[in-house]
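Features of the protein shown, as given by Swiss-Prot:
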- H110, H113, D120, H211: Zn(2+) 1 binding site (BINDING)
- D147, H150: Zn(2+) 2 binding site (BINDING)
- C44-C265: disulfide bond (DISULFID)
- C187-C235: disulfide bond (DISULFID)
- C216-C223: disulfide bond (DISULFID)
- 225-274: region 'Disordered' (REGION)
- 1-19: signal peptide (SIGNAL)
Amino acid sequence: MKKTAIALLAWFVSSASLAATPWQKITHPVPGAAQSIGSFANGCIIGADTLPVQSDNYQVMRTDQRRYFGHPDLVMFIQRLSHQAQQRGLGTVLIGDMGMPAGGRFNGGHASHQTGLDVDIFLQLPKTRWSQAQLLRPQALDLVSRDGKHVVPSRWSSDIASLIKLAAQDNDVTRIFVNPAIKQQLCLDAGSDRGWLRKVRPWFQHRAHMHVRLRCPADSLECEDQPLPPPGDGCGAELQSWFEPPKPGTTKPEKKTPPPLPPSCQALLDEHVL
């Protein structure tokens, strides 16, 4: 468990030690009507909103990294979700990375989060608000066992399941990425109300947080949506395949060269980065 905790901490701070990308040189949102451009893993945003860091319902972690920008739809989703969580007595929602002022590629830690439509939310719901020191150096709570096959019972709670369900039931949300073991536990706990599980997708890591993705806004004409998740609750063979050992000869995919930016994003960089 100690090694896992160290790995999680390294994941959350890794970006601080890497070389900056051109997008990090843009320190304020680009003026204009809100437009998410390109794909979640290759895009940018014009007219991003700033998530207010002061709220009774949520707290923003690592504000020194300045990753609390997003499309107005994302800001409203966070406010909506955290209000619902407070109404139900779940606790304070802890907000992690959203995007940079103009979106674009991070220097580490994320492949997506580029169009202002993604947010990481800790799977912790403290009843006592965190101090500024805790928020600047958050301690991730690993919910998954060392073998990756199930959640840790002492760390899992119905409140966490309720938070994920609330997010999945939001009409603007298209996908929520969690660790396969977390998805498995949600499948076990869901009962007969299972429609929302379709949006909850198993993915690597994501042992302590959920990654919520919104659909492209209707007026963002250059935004590229993903196909909808497959029909059904996703609790069958697809989920179980995540727990099977790798097939013989399986190797890690080679790191790909980033594709060219959408023309509108390249033009934005050319105009705002010297």
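Using the three backbone atoms N, Cα and C, a Cβ is placed for every residue, glycine included.
In this view, the densest Cβ surroundings among the disulfide-bonded residues C44, C223, C235, C265 belong to C44, judged by other Cβ atoms lying within 10 Å. Cα separation, H110 (Zn(2+) 1 binding site) to H150 (Zn(2+) 2 binding site), rounded: 25 Å. For the binding-site residues D120, D147, the greatest number of Cβ atoms within 10 Å around a candidate Cβ is found at D120. For H110 (Zn(2+) 1 binding site), the number of other Cβ atoms no farther than 10 Å from its own Cβ, over all displayed protein chains, is 18. Within its own chain, H211 (Zn(2+) 1 binding site) has S112, D118, V119, D120, I176, F177, V178, W203 as residues 6 or more apart in sequence whose C-beta sits under 8 angstroms from its own. The subset of recorded positions (C44, H113, D147, C187, C265) lying with their Cα within 10 Å of the Cα of C223 (disulfide bond) consists of C44, given in sequence order. Under the three-state DSSP scheme, C235 (disulfide bond) falls in the coil class.
In the three-state DSSP classification, D147 (Zn(2+) 2 binding site) falls within coil.
When the recorded positions C44, H113, H150, C265 are compared by Cα distance to C187 (disulfide bond), the shortest distance belongs to H150. Of H113, C235, C265, all annotated as recorded positions, the residue with the shortest Cα distance to H150 (Zn(2+) 2 binding site) is C235. Cα-Cα distance from C44 (disulfide bond) to C235 (disulfide bond): 33 Å (rounded to the nearest whole number). The local packing around H150 (Zn(2+) 2 binding site), expressed as other Cβ atoms within 10 Å of its Cβ over all shown chains, amounts to 17. Among the recorded positions listed here, namely H113, C216, C235, C265, C235 has its C-alpha nearest to that of D147 (Zn(2+) 2 binding site).
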